[in-house]
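To keep things clear, I will list the structure first and then write my remarks on it.
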Amino acid sequence: MDKKRSSLKGSLLLLLLLVSDLLLCKSVASLPICPSGAVNCQVSLRELFDRAVILSHYIHNLSSEMFNEFDKRYAQGRGFVTKAINSCHTSSLSTPEDKEQAQQIHHEDLLNLILRVLRSWNDPLYHLVSEVRGMQEAPEAILSKAIEIEEQNRRLLEGMEKIVGQVQPRIKENEVYSVWSGLPSLQMADEDSRLFAFYNLLHCLRRDSHKIDNYLKLLKCRIVYDSNC
């Protein structure tokens, strides 16, 4: 009996910690960088990075959950996992594949790369939401996550623009991004082809959100803590 009580207490404690962490992410993610109507609002670089790291991690978690839910609901028995994943539309941006590669890139270049990846997802995320809404019996769990990711991607982009403005204030970065042309694939009449297009897009979103999450943690350590972390 004591062992069961101990196990139950441990499970409840873990659940409380997970809920607390989720509420923290949602709270921080919902805060604008500056309050509406604020004049000469100044936010420290450290605080900007703190928010960006929490937000990027939140987006990656949502992306992973959405991919897993889509896979479970639509991909089972269709052989999607055995198909070669098509090249992601952001592949042309030559993002580093791991931490070791990212460490070789100058921080200003890595910051601008993050901006480009985030901008490259504005259009596909907008259309992802609209196309999921149009799906027969659109699952609320997937739709709500798509809506949330689209909104938080905009917030993260806003925060990253402020970070770049503080790190390299004299340089105006061109709004370079990779163009997405996958909308026709999401609207195909053939169900298998259409669902695989969704599967591929969600796979790419999970991949890119994971990269951004890792890049931001590396940059926070390098810029805010002078690599002493």
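Backbone N, Cα and C define each Cβ position, glycine as well.
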With the disulphide bonds as Swiss-Prot has them, who is the partner of CYS229, out of CYS204, CYS221? CYS221
Counting other CB atoms within 10 A of each CB, which of the disulfide-bonded residues CYS88, CYS204, CYS221, CYS229 comes out lowest? CYS229
Would you kindly give the Cα-Cα distance separating CYS229 (disulfide bond) and CYS204 (disulfide bond), rounded to the nearest Å? 30
